[in-house]
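Just below is one structure, and these are the notes that go with it.
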């Protein structure tokens, strides 16, 4: 059983993955709040409390963190608590198999890399990957499996919360689909701006990518979405082809399997 850990700015997703290769499947997953000041000990206790007896069946761990402080503590947790379990922490220098054709590859977030890797592996085509997280990332991977870059916009919840925090007349609202695009009260107006506004943002960015990047206007390009708020926004979009709930966890599994295969190959070569 592989434990996949995806730490983002506001929330962390953990998943247990059974099987390998084409037979791999996320059998259980959790979503918890990210605590930027968490220690290695607290992180280990939290994870152990979630996975329970499954900790005895772990065959490996794959993890990423877009929060530097948590990334540091994860290294300590691995060394202290799981030193006997094979681990892959996605950071610069780790082999992913995805060439990064950008100005500074070290700037590309690990979450964006594994999402594009998983999408290309899953569909075998050029892909536009939309991740609805604390930021909305629209990333582009070529038919050859090359990361070409992307666009980043503020996320739905972050934008809604910021509007409420910076305006005396607005308050934090539940993000649900309103009755109409034309709201009849302040809450509905904010919900309309969030749901329909971000649907338009995603459609606009995807359409621009298709128009501006050679070869992406064709029918063979797959537009795939993931992320916690995707199910809220996707019904109002017209450009997204597929929704993959566990795309990031699948990408973590792929990187883990590739790095473990490399390590086994090197071990055999030295015998």
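Note that Cβ sites are derived from N, Cα and C of the backbone, with glycine treated the same way.
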- Item | Per Swiss-Prot, member of 134, 135, 142 binding ATP alongside 6, 7, 8, 9, 10, 11, 12, 13 | 134
- In Å, rounded, how far does the Cα of residue 109 (substrate binding site) sit from the Cα of residue 6 (ATP binding site)? 12
- Item | Nearest of the binding-site residues (110, 111, 186) to residue 10 (ATP binding site), judged by Cα-Cα distance | 111
- Long-range Cβ environment of residue 112 (substrate binding site), under 8 Å and at least 6 residues apart: 129, 131, 137, 139, 147, 150
- Query: Max Cα distance spanning 109, 110, 111, 112, 186 (substrate binders), Å?
  - Reply: 38
- Query: Here are some binding-site residues: 10, 12, 134, 186. Which one has the most Cβ atoms within 10 Å of its Cβ?
  - Reply: 12
